[in-house]
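Undergrad: Next up is a structure, given as structure tokens.
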Amino acid sequence: MQSIILIGKPNVGKSSLFNRMARQRIAITSDISGTTRDTNKTQIHIHSKKAMLIDSGGLDESDELFKNVKKNTLKVAKESDIILYLVDGKLAPDDEDRQFFYSLKKLGKPIALVVNKVDNKKDEERAWEFANFGVKEIFNLSVTHNVGLDELYEWLEKFLHEEFLIPDEEENLEDFLEHYEEGKEFQFKEVDQNHIRVGIVGRVNVGKSSLLNALVKQERSVVSSIAGTTIDPVNESVVHKDKVIEFVDTAGIRKRGKIQGLERFALNRTEKILSHSQIALLVLDAHEGFNELDERIAGLVAKHYLGVIIVLNKWDKSEMDFDKTVKELHLDRFKFLAYAPVISVSALSGKRVHVLLDKILQIFENFTQKIQTSKLNTLIENATRSHPLPHDYGKLVKIYYAVQYDLAPPKIALIMNRPKALHFSYKRYLQNQIRKEFNFEGVPLVIASRKKGSKENDES
């Protein structure tokens, strides 16, 4: 697997970018210079490709400990495939940064200069001063505000080759292709259509227990204004339109620095609950507003490939505009959950809570949907006719056929002549066409490309 290393002096935002790209809080971040001294690493996916992301310690000659960190960082950089060098956009370029950057450039690897903390027009003007580093690829970011990352991801994706699949999915897909006969309908795994498992997640005190109580119409969990009252997961079931909906009320997730004892255990339980859920209700506090921790929790939901409904609780106390809020969530904070419906409720008064029950049934139906192979291929043919596949260095790229090979979540295989040539933007176009035609609201849609008649995912 290819690796991407984040390098830069202390406090330029490496750990924040690492957390943003990993969609979870792994590295400790603060405004104190040099908070991260050890090398952190985690597997990530950028669009349809996977990579190992490495967060190095800060480069600084002023401290004996940091001299050792710098030595180790340069060693790891030599072993990495792609280098992202971060600088602070609120400060003028200095000779030390240039020296570090030029030493990395000599390694002959793909390298980009990432100017972080570009939060306003004044910062944008100052960022141009970094052009004298003599590098073609410069990206202005505001990691805190999630601005500028799309361009960086698109550049990174060009250098990544290994396709991302859900853990254990590679073996499942290859086994499917080995036994599948083209043109025939596939027998899917059995999914109990009458029992739906729903996990309720969110940070502390957003009203998850109140929501559960409103859904089941009884006081099952202890409800209190004290943060973190609910520690143990609590299961309750309701019957709605002849379907059993089992709810799990999870302990609230705090910022990691505040997690102690039972709450640390509860955080681990939350992960386990998500792994056994089919649909997640991601509860947000519409009165207090949203923060970075909400995004981390949303990342946990995305990581488990669940159906999802975003619940704006305490809406009766909110002064937000609903349409603007939905746009902010889908286009900014939760781009990776842009398919999730957003529903406003007031758990305490019970207002609009009933809407959730119908929506859960609808999302579950989408989550377990089976697409007829002939209809899927008709759609793919029409889509490629309307917008032909781009050539790969002058060579024709062709999709022979498409087939759904799994459900819950739905997974589709594209059998091609040159699967690695399928750009993420074209795959996203196909995803949008499939979503529009077959209604996959609220569920992730996995698309994998494979070479015809081979387990290889590219031409030999």
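Note that Cβ sites are derived from N, Cα and C of the backbone, with glycine treated the same way.
Swiss-Prot lists these features:
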- 2-164: domain 'EngA-type G 1' (DOMAIN)
- 8-15, 55-59, 116-119: GTP 1 binding site (BINDING)
- 196-368: domain 'EngA-type G 2' (DOMAIN)
- 202-209, 249-253, 313-316: GTP 2 binding site (BINDING)
- 369-453: domain 'KH-like' (DOMAIN)
Undergrad: What's the number of neighbouring CB atoms sitting within 10 A of the CB on Val118 (GTP 1 binding site)?
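TA: Neighbour count, Cβ to Cβ under the 10 Å cut-off: 24.
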Undergrad: For Gly8 (GTP 1 binding site), what is the secondary structure state per DSSP, taken as helix, strand or coil?
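TA: Where Gly8 (GTP 1 binding site) sits, the three-state DSSP reduction gives strand.
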Undergrad: Within a 10 Å radius of its Cβ, which of these binding-site residues (Lys14, Lys208) has the fewest neighbouring Cβ atoms?
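TA: It is Lys208 that, of the binding-site residues Lys14, Lys208, has the fewest other Cβ atoms within 10 Å.
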Undergrad: Where the distance is taken from Cα to Cα, which of the binding-site residues Gly8, Lys14, Ser56 turns out closest to Gly202 (GTP 2 binding site)?
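TA: Looking at Cα distances from Gly202 (GTP 2 binding site), the smallest one goes to Lys14.
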Undergrad: Summarise the model confidence on the domain 'EngA-type G 1' (2-164) as a single mean pLDDT, whole number.
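TA: Taking every residue in the domain 'EngA-type G 1' (2-164) and averaging pLDDT yields 80.
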Undergrad: With the cut-off set at 10 Å between Cβ atoms, which of these binding-site residues ends up with the most neighbours? Options: Asn11, Ser56, Asn205.
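TA: When each Cβ's neighbours within 10 Å are tallied, Ser56 tops the list.
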Undergrad: Kindly report the helix/strand/coil residue split of the domain 'KH-like' (369-453) according to DSSP, in that order.
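TA: The breakdown for the domain 'KH-like' (369-453) reads 32 helix, 22 strand, 31 coil.
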Undergrad: Can you figure out which of Asn205, Lys208, Trp315 (the binding-site residues) comes closest in space to Lys14 (GTP 1 binding site), comparing Cα atoms?
TA: Asn205
